[in-house]
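Take this structure first; my questions come after.
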Amino acid sequence: MKNIDNPSEKIIIALDGMDKDDVVNLLKKIPEIVWVKVGLELFVSEGPDVLSMLREKGKKIFLDLKFHDIPTTVARACFAASQTGAEFISLHTCAGMKALKMANEAANEGASKVNLIPPKLLGITILTSWTRESFCNDLLINQSIDQRVKHLAEIASNSGLGGCVCSPKEVQFLRESYPETFELITPGIRSLGSNVNDQSRVSDASEAIKMGASKLVIGRAITQSNDSAYMFKSFCDKISI
């Protein structure tokens, strides 16, 4: 594995369970944060203003709204989202190749219209909360999760997306198939002994990076820690080894 000169670039802080004031306080505690993830909860409660605030503070944004609808609706959503200045925007690969291709074109068009660099669209494969048992029982899908993730990542790549979101358990075999320019964004990162909460397919930070993850999404392990700054530094130290 290559030496990582700036490990903070590899960590995306998930701002889940936080309001705008919480976010401001966290950024004061950890000014080294480079990337943040704004999900449904924060975006719905605070609106686009929170994105403007984060941009003003010089943060890079992963807008994780996981768009999943008919192709025209997904494309229009990505057109609008691309004008927020977010560097990454997520959408479900299960929306299908037509939706993904239209979304990619719309995001490029939307960003260009306001003189912004187009964002990378990231295809959601299988959420880290799914287990093999629930995958089969709830969705009646007989494929293994690995097989399904591999197929959905291929759809993302063939549609022109900039990468995909997958659990640490799938990173290694995906990285063998895709170059480093194809982002593999990995949630489900936990520190040793921490609670996995509602995620099932998890790993530690060092292993995920070694297996080929581009960036790690880390939330509660840092944001709910008694010493968030220490935990952030601890994760940076782990992935720089």
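All positions are counted from 1 along the displayed chain.
Heads up, the Cβ atoms here are built off N, Cα and C, so glycines get one too.
Computed from a predicted structure; not experimentally measured.
Swiss-Prot feature annotations, pasted as is:
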| type | residues | note |
| --- | --- | --- |
| BINDING | Asp16, Lys37, 64-73, Thr128, Arg190, Gln199, 219-220 | substrate binding site |
| ACT_SITE | Lys66 | active site, proton donor |
Report, as a single number, how many Cβ atoms besides its own are within 10 Å of the Cβ of Asp16 (substrate binding site).
17
Would you mind listing, in sequence order, the residues at least six apart from Gly219 (substrate binding site) in the same chain with a Cβ closer than 8 Å to its Cβ?
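Listed in sequence order: Ile13, Ala14, Leu15, Asp16, Gly17, Lys37.
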Non-local Cβ contacts of Pro71 (substrate binding site) (under 8 Å, 6 or more apart, same chain)?
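Within the chain, Pro71 (substrate binding site) has Cβ neighbours under 8 Å at Ala95, Gly96, Lys98, Ala99, Met102, Ala103.
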